[in-house]
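Scroll down for the structure; my scribbles are underneath it.
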Amino acid sequence: MSKTNYSVAVLAGDGIGPEIMAAAEQVLDAVSNKFGFTLNREHHAIGGAAIDKHGKALPQSTVTACENADAILFGAVGGPKWEHLPPDEQPERGSLLPLRKHFGLFCNLRPAQLLPALSTASPLRADISEQGFDILCVRELTGGIYFGEKGRSGEGENESAFDTQRYSRKEIERIARFAFEAAKLRSSHVTSVDKANVLASSVLWREVVTEVSKDYPEVKLDYIYVDNAAMQLVKQPSQFDVLLCDNLFGDILSDECAMITGSMGLLPSASLNQSGFGLYEPAGGSAPDIAGKGVANPIAQILSAALMLRYSLGQDEAARTIEKAVAEAVAAGVGTPDIFPNAGYTTNDVAAAIVARI
């Protein structure tokens, strides 16, 4: 019998975080009632709110709560109020990065879906955007050039700097398996992004991904160089299902995927570790300029909650129900001003419309 009682650490954070989190919790209440499972949610301070209350962006009490939870639902952190602090003490670097490191969150999932009702919001040409697309960017988050040896030396004309791209077989294999497992829940197609024509690390990447693919005969695998991937995302994004990327390539391409949808307020993300424990958050920021005005788009937070249900709590049917309700609400023209400028819907209106469709 599958588990029906879960513990979730809710970290709403700053700016629009509390507003969009409240909307997501309304949706979680509706879907948990429908499917008969219980979500025990504990709310804890994070980011600027935690600095104000506890003197640091990531208090130990919050870390402990996360350790005792099945998943973390994260809102947004940061704002002008805390920009005077040293960089490592500011909300973003002082909370999100340490959480990722503490829990070994090496797998970043960034879905990018263009709903038919929003095809005109996409910056892509109409004949391309009208086809729609549904892409999942799987990015390795803790290895590669961002974490390799780096430094500077010399002076004047002889001054130089270097960064080192390094990947181990183990790091590549575990992210590849996540991509193939994710593809099984989708359209069973993985495209591995590399630069194997010039980079030694990409040669190993391609070799390991090929080996892992043998354990997933039902999943189609193809390869693409990163420069071509950047072009094809603009030319024909509908050809992709799961994009498997290293840290650097995934950092760039996941933002491109996000931008061609037309609204960051629609895009969720997940960061997972080896055991499936994850941190789920909207792809956008804390947007302090619109905080408290009731116009923040809650859909990215709501879809992040759906990802949590799917990947950490094993409630895929509940996740699909949320995603379907979101699509239906948007198709009916329900949305905040960032996607429907003249519709007049508030954050709470959007949440209510989605709940009504569950």
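Glycine too: its Cβ is placed from the backbone N, Cα and C atoms.
Per Swiss-Prot, the features are:
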type: BINDING; residues: 79-92, 285-297; note: NAD(+) binding site
type: BINDING; residues: ARG100, ARG110, ARG139, ASP227; note: substrate binding site
type: SITE; residues: TYR146; note: site 'Important for catalysis'
type: SITE; residues: LYS195; note: site 'Important for catalysis'
type: BINDING; residues: ASP227, ASP251, ASP255; note: Mg(2+) binding site
**Study point:** Listed recorded positions among PRO87, PRO91, TYR146, ASP255, ALA291 whose Cα sits within 10 Å of ASP227 (substrate binding site)
**Key:** none
Exercise for review: May I ask which of the recorded positions ARG139, LYS195, ASP255 is closest to GLU83 (NAD(+) binding site) if we compare their C-alpha atoms?
Suggested key: ASP255
Review point. Where ARG139 (substrate binding site) and ASP251 (Mg(2+) binding site) are concerned, what is their Cα separation in Å, rounded?
Key: 7
Revision key, fill the gap. Record-annotated substrate contacts ARG100, ARG110, ARG139, ASP227; largest Cα to Cα distance in whole Å is 28
**Study point:** Cα distance (Å, whole number) from PRO91 (NAD(+) binding site) to ARG100 (substrate binding site)
**Key:** 14
Practice item. For ASP255 (Mg(2+) binding site), just count the other CB atoms lying within 10 A of its CB, please. Key: 15
Check your understanding: What other residues of this chain sit with their CB within 8 A of the center of the CB atoms of ASP227, ASP251, ASP255, the recorded Mg(2+) site?
Key -> VAL226, ALA230, LEU248, PHE249, GLY250, ILE252, LEU253, SER254, GLU256
Point to revise | Nonlocal residues around VAL295 (NAD(+) binding site), in sequence order (Cβ under 8 Å, 6 or more apart) | key: THR336, PRO337, ASP338, THR346, THR347
